[in-house]
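Below: the structure, in structure tokens.
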Amino acid sequence: MRGRYVDASSMYKRGASRDYINADDKEESSVHFLNGKDVGNPPWRRSLPHVLVATLSSFLFGYHLGVVNETLESISLDLGFSGNTLAEGLVVSTCLGGAFVGCLFSGWIADGVGHRRAFQLCALPMIIGASMSATTKSLWGMLLGRLFVGTGMGLGPPVAALYVAEVSPAFVRGTFGSFTQIATCLGLMGALFIGFPAKEIVGRWRMCFWVSTVPAAVLALSMEFCAESPHWLFKRGRGVEAEAVFENLLGGLHVKSAMAELSRSDGGDDNDTVKLSELFNGRHFKVVFIGSTLFALQQLSGINAVFYFSSTVFKSFGVPSDLANICVGIANLLGSLIATILMDKLGRKVLLLGSFSGMAVSMGLEVIAASSFASGSGALYLSVGGMLLFVFTFALGAGPVPGLLLSEIFPGRIRAKAMAFCMAVHWVINFFVGLLFLRLLEQIGARVLYTIFGAFCLLAVFFVKSNVLETKGKSLQEIEIALLPLE
């Protein structure tokens, strides 16, 4: 049995035989035209349940980003650091520091134990950290709990992006990839709604942390029944299992073409360890540079300053924080839903260009609102409208596209570790935005700060136009071959 298993898995290796690849091409053609009839695209319903379970990690990601938005004031009063903006910033950014650590190791974890186990390892520190935050009596206990939660938050998003891309049919991969952004929006909104009574009910903020342990536990348990990534199985030399998973996800008619494409990519070359230096040298440098820069510009646009501190910012304009945060959540969710519809119609690049352009215009409105040209109700409408437009346009492209696009453009051999590196860049910048936003707002003023954010949005437009490849409708292997021709 062992010998049969090795033979079956090794026959899909790309280097095994050029004749086999030619045979695969014929097999692929026969799959698309079986008995003279085009069998069309694989059924998307088969992979949908697996994708929905994976998006629980994105829901938790969004929830823990927003859980301190409405509750921060109550937490600071209960734990004795009210009025200390640095301590408040640490409650936000310590989680982001933990996310950096979790993200840094996510590629090695995903490659080492598989995507299903990586999701379960993502849920564990979220359960532990949320429990610690819910029961703490001091600032240090809160920071330690947020650090644990952050490690899970850092591990989840890159693995979710990989998993969704690798189990989804190519023709709906953009739509399914957008589900992670929708789940993040729902998590943010859930945190806001649960946190609204925190200011009136003493100790309510503790329940906000307890609630998050439920979806984390569901994620860990549900992953036992989900499919492993066939790309990961194939990379590990487990071709028979990969074929079985493809049959489960795509249906029997599409298995041979899916396996043939894997055999032409770097995914099946060998099982040697990817060195960190490979991400920055040779033929992989360009895609890693594009990915890390795209995530850096996403964060330098200032989007997470809105999510972390929207209550504080809106309060300065006399807008009730609960109303403001509901509007922000609705704008985010609406933009994400529209992106889901358009992702596989207009394509990734178009959405990115439109998104960053709209964000730049929004920051322009914020600058006008903060200047002497606007006063009274005019400044209020410009500021609130600009911020809602900013969130809406972000959700159209700059939010959902980078994670999806990077999981598509990275070669299978380095995909997990390259995603980990790029997401680590994301978290480093995210950390400093969370830590310094309120301080910078006090010291340099809203007008200068929003001008800086707007400039980064414009820079992103030029960068996307010059460097980003459209991946709509292409298989992961087609994208890999287009970017990195076989030698």
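Just so it is clear, glycine is given a Cβ too, placed from its N, Cα and C backbone atoms.
In TrEMBL this protein carries:
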| type | residues | note |
| --- | --- | --- |
| DOMAIN | 50-472 | domain 'Major facilitator superfamily (MFS) profile' |
| TRANSMEM | 47-66 | transmembrane segment |
| TRANSMEM | 86-109 | transmembrane segment |
| TRANSMEM | 146-164 | transmembrane segment |
| TRANSMEM | 176-197 | transmembrane segment |
| TRANSMEM | 287-311 | transmembrane segment |
| TRANSMEM | 323-343 | transmembrane segment |
| TRANSMEM | 350-374 | transmembrane segment |
| TRANSMEM | 380-406 | transmembrane segment |
| TRANSMEM | 418-438 | transmembrane segment |
| TRANSMEM | 444-464 | transmembrane segment |
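Of the recorded ranges 47-66, 287-311, 350-374, the transmembrane segment (146-164) has the largest number of C-beta contacts under 8 angstroms with 47-66. Contact between the transmembrane segment (176-197) and the transmembrane segment (380-406) is supported: at least 3 Cβ pairs lie under 8 Å, counting only residues 6 or more apart in sequence. Panel annotation: around the transmembrane segment (47-66), residues 95, 119, 122-123, 126, 130, 149-150, 152-153, 156-157, 159-160, 163-164, 167-169, 176, 179-192, 195, 212, 215-216, 218-219, 222-223, 226-227, 249-250, 304, 307-308 of the same chain, lying at least six beyond its termini, place a Cβ under 8 Å from a Cβ of the stretch. Listed stretches 323-343, 380-406, 418-438, 444-464 were compared with the transmembrane segment (350-374); the greatest number of C-beta pairs under 8 angstroms is found for 380-406.
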